[in-house]
Ligand SMILES: *[C@@H]1O[C@H](CO)[C@@H](O)[C@H](O)[C@H]1NC(C)=O
Ligand SMILES: *[C@@H]1O[C@H](CO)[C@@H](O)[C@H](O)[C@H]1NC(C)=O
Ligand SMILES: *[C@@H]1O[C@H](CO)[C@@H](O)[C@H](O)[C@H]1NC(C)=O
Ligand SMILES: *[C@@H]1O[C@H](CO)[C@@H](O)[C@H](O)[C@H]1NC(C)=O
């Protein structure tokens, strides 16, 4: 074991308090060192210094803003001595834990003290996060009829008339509706938004006056300033321009044009969990809003979330950021709708802590790329139906005219929130979510995707509660009474057929998901929530719900999961995903729905798990539980939520110790960016439900109540059945029309009919298509953006390797961190590709390809 000298700054930090240690993060050297994060029990008997000596690691610094979490490192062994399968630090950690004995009854005091002092240790593997901007195409000359507004406000920004998301002359309803707020003097003064992205060009004349260097940092190159360096690094600058481009003579205007923007660069290369965690808390007392237009791949087959460490950082921002009011995290929903992707398969967008923003276009239509799901909160304007977002570009005085995707929708929401926080700096993170829900504007009321919630509001998987309207939001914000503190209630798990899951890969028991018969599909299970339970948990009114499921299935994409509330309101949590061939099912995946906001949760909640009725791919449903989140009846009794230790085991170990009475169960007798270049030009739609049955299977006779069950007695449910029926007819009709059009307009038809399956072999593919391309570096995909969609449809095959590569739990925890050693957890983006850059540049980030699991290396 080696003993390292502590850096002076660290010694000082240890002597005084961790908060003294607030300097910039130390430069990382992942090439020469292996990094780990350890969580120390501050009351434990062994000190940090002793722990580090026992593990043979060098202490670097506190892990971002996470108290008692320390970044440590050890020099990598020489290349010759390197054995990828072994990890001496983790091995030492494991053996100390073993020596301590599971019941802590060991006589080995040193090991016992160690085990009592170290709560968590995880290796840090750099991996690539993915931007969500689509590859735009040239735009036509825009009209300049917004001149009147510009004159009145003295706006000289030359591209302002083309910024239709600020003033839309052709479709005046469809804009962020903020100009009247500017006239009231609200411009975002004093509010800082952080662009967690690929850099921010602070030399731009449009941004430099609003740039906040103190809260900026480059986690890719470990430098103080987030300088965009790669040719493709213009995404963060464009998003920043949407928020805070200055009122001047350069390009256009930001929504909060006197607010400040900080840049935190994480997307220009692989980064570790500890750096991503620090990025999401960077400057979190001064920064109000974190704008995040990225996530796991939007390929329709990934199911990934933040690791435990990153989730801790997000919760840390919620509990402590902004002086305890909570950081506002805004996430783009994802661009994978054309691949059947849904934002409930992305653990960032389905987090209760993020405002998930989808896109609508110039005409208020749903752009084909924008992902639907029950975690969608609102929509904001972005590319489609012939128009893109015009914003500042990288360079001294440059303007981007091809920005878009859900990537551009999220910063438009951030701009509105910045205006709101100027007016009401006391709003908590939950107030912002309430205001989104209460003030969202319905678009396309005729769209069959809208359904009533129990409170009489409309909700859509595509539009969330509707379009974010700046004027409506801020008008309501001014009058808003902040909500009471948060409370929650986690139910016991319902266990079906003695199901177990070992947390890794071994499922046993469970009830088979039966073949479809006579209108009854899948397995249903019901839990009853009583008023006593809610009262015992200090519950006043419901906000988000989480549903966690353990499902074994030979083809995950075949599985459909939905939940029906006591009032008969249905949330589709996971719909069929044609591309998802993962064979590991749902090992404790957590879904989220905002559709039950405000509903009384007392009564029977019924989950239904069904599949595509394909005897080749069977599955079993092992169990589930729920968390109800809401506002506290008695604020004095409320406490801050603490993240439990991460575990995927079923039944969850904590059930054994929880005092809550188990709920009842009933079983029925029979039981980011593979976008083509036309994301801005393709016409959106407003006539399809987000989730329709695939044309190959019988229309879904969802939730027809049977006499003996009567699960869905409610009228509103009948409404939704009718919608499904007409939706199914519409889907079949659309498919027919589309198939005809396909032969005439092959390319366009392919793109528009994103939800339908298309004849695979009719699709031209270029020669360098790889069946496992989704996990490859973006480089090969950067070349032909249309190819990716073709690739996507052509890829549906029984490609075992491919399915294996997609096999993963969401990353995190010690064990999964170790799994990552051999295989990168996150795929690389397929696609932030842009027409104004040399195509070979995007995605060819140095080092990225190293982390892929290459069987031959
Ligand atoms: C936009 O704001 C104006 C106030 O300036 C308001 O009267 C109007 O209703 C808002 N537009 C929509 C579509 O809500
Ligand atoms: C936060 O803001 C305060 C006051 O404006 C300033 O003194 C402090 O340096 C800022 N901290 C950071 C990390 O930017
Ligand atoms: C899976 O778990 C069951 C029950 O715990 C056990 O009997 C079986 O040996 C395990 N199988 C594997 C492959 O680990
Ligand atoms: C799937 O289940 C059906 C009966 O429900 C059975 O006939 C079939 O053999 C099963 N297939 C597999 C691969 O287990």
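For all residues, glycine too, the Cβ spot is worked out from N, Cα and C.
Whatever TrEMBL says is automated annotation, not expert-curated.
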- From the ranges 724-745, 746-767, 768-789, 790-811, pick the one that TrEMBL records as transmembrane segment. 724-745
- Query: What is the interatomic distance between the Cα atoms of residue 407 (active site, charge relay system) and residue 235 (active site, charge relay system), given in whole Å?
  - Reply: 9
- Message: Measuring Cα to Cα, how far is residue 197 (active site, charge relay system) from residue 235 (active site, charge relay system) in Å?
- Response: 7
- Tell me, by DSSP, whether residue 407 (active site, charge relay system) is helix, strand or coil? helix
